[in-house]
Amino acid sequence: MILLCGGIPFLWKLSGQISGRAGFGPEYEIVQSLVFLLLATLFSAVTGLPWSLYNTFVIEEKHGFNQQTLGFFLKDAIKKFVVTQCILLPVTSLLLYIIKIGGDYFFIYAWLFTLVVSLVLVTIYADYIAPLFDKFIPLPEGELKQQIETMAKSIDFPLTKVYVVEGSKRSSHSNAYFYGFFKNKRIVLFDTLLEDYSALNKEPAEGEDGENEETKSKTKNKKQGCKNEEVLAVLGHELGHWKLGHTVKNIIISQMNSFLCFFLFAVLIGQKELFAAFGFYDTQPTLIGLMIIFQFIFSPYNEVLSFCLTVLSRRFEFQADAFAKELGKAKDLYSALIKLNKDNLGFPVSDWIFSMWHYSHPPLLERLQALKDAKQE
């Protein structure tokens, strides 16, 4: 509907009018582009809000996952929008400026710039951005922390800190991940993954208030999460991704794809017919060119690439499971996968064609079958 009704040219014209009233004429294309981007993301956020509300307060609520109140949800949405703009607008303005002054080889400079930005964001995300939305606390001293440190040391994983994030404030879904470059690796465990730490397994304390009160009002009386041995097995799987170089391989593939896209953008940006097809007959704004080429022209290519990456991801998951098996965690990973599938209400049976196209992780039964030979009964 946006394409057929000329929504993109209309929004660009409106952006020009707004920037013009602020004293920036048509020659200030980057300013107009930033106004356009702000309006476009605002439109996307507003039109996407009903779907997000339905997903959280109808579907997730129906199946017992939602732990949020409406007030918490809206505050979270506003915070996400503001943080996104604080990152998106400066980065976009610099990218457009580099493309403008880069000459014939601007695509190389643009690619290098996006590479640096992505590495910086990965570096600062967990320390400065994620804490704006969730509370991270160090994993308390005890048996689990000692076992995690021992396992990390056994495979030369340069672990510096282990955190627990209060994911139960938002949802009862479980997760775990690691982040950091070089010798500064950190592991993050969702409290919903840990049977001993999940707020959903604890009786609410009397007299507490604030945001915790919102969570407690929705707490379900069910035991969830994994035992320490199962948590270690899940971490063994995650550390397998690091040990086998999956993270580095994904970064390399992503950057190769990014370079190819910028190169093809440089080839196609001069085609006025592309802009005319989308309603831009007199002007060829750089931001609009990026949108047309990356979002629409590359759409068939992106579908093929997505499928290839899904196939690769499933292969990586089997390899990470096999790595955990080599660590002697097959039995615990077997039971952990069943528990996590149960906690997250995953359906165990999948149509092979549908799962092959859509699922980045192999279906549960396939993973269990691969672990079964080494699983100790």
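Indices start at 1 and increase along the chain as displayed.
The backbone N, Cα and C atoms fix where each Cβ goes, and this holds for glycine too.
Curation does not apply to TrEMBL; its annotations are automatic.
Keep in mind the model is a prediction, meaning the values are calculated, not measured.
Within 10 Å of the Cβ of Glu238 (active site) there are 19 other Cβ atoms, across all protein chains. Summarising the annotation, TrEMBL assigns active site to Glu238.
Residue density at Asp321 (active site, proton donor): 26 other Cβ atoms are found within 10 A of its Cβ, drawing on all protein chains shown. Here TrEMBL flags Asp321 as active site, proton donor.
Sequence annotations record features per position, and here TrEMBL assigns Zn(2+) binding site to His237, His241, Glu317. Taking a C-beta cut-off of under 8 angstroms and a sequence separation of 6 or more, Glu317 (Zn(2+) binding site) has the following same-chain neighbours: Ser360, His361, Pro362, Arg367.
As a whole-number mean, the pLDDT of the domain 'CAAX prenyl protease 1 N-terminal' (2-135) in this prediction is 91. What TrEMBL lists as domain 'CAAX prenyl protease 1 N-terminal' is 2-135.
Per TrEMBL, domain 'Peptidase M48' is recorded for 138-373.
Taken from TrEMBL, the feature transmembrane segment covers 30-54 (among others).
What TrEMBL lists as transmembrane segment is 81-99 (among others). Only residues 6 or more beyond the boundaries of the transmembrane segment (81-99), in the same chain, are considered here, and those with a CB under 8 A from a CB of the stretch are 29-30, 33-34, 37-38, 41-42, 45, 106, 109-110, 113-114, 117, 121, 129, 132, 286-287.
Here TrEMBL flags 105-126 (among others) as transmembrane segment.
The transmembrane segment annotation in TrEMBL covers 259-281 (among others). Within the chain, the transmembrane segment (259-281) has long-range Cβ neighbours (under 8 A, six or more residues past its boundaries) at 3, 6, 8-9, 12, 106-108, 110-111, 114, 288-290, 292-294, 296-298.
According to TrEMBL, the transmembrane segment annotation covers 287-312 (among others). Nonlocal intrachain contacts for the transmembrane segment (287-312), taken as residues 6+ away from its ends with a CB within less than 8 angstroms of a stretch CB, comprise 8, 12, 33, 36-37, 92, 96, 253, 257, 261, 264-265, 268-269, 274-275, 278, 280, 356-360.
It is His237 that, of the binding-site residues His237, His241, has its Cβ surrounded by the most other Cβ atoms within 10 Å. What surrounds the Zn(2+) site, by Cβ distance within 8 Å of the Cβ centroid and not counting His237, His241, Glu317, is the set Glu238, Gly240, His246, Phe316, Gln319, Ala320, Asp321, Phe323, Ala324 from the same chain. On a Cα basis, Asp321 (active site, proton donor) lies 9 Å away from His241 (Zn(2+) binding site). Under DSSP, the residues of the domain 'CAAX prenyl protease 1 N-terminal' (2-135) split into helix, strand and coil as follows: 111 helix, 1 strand, 22 coil.
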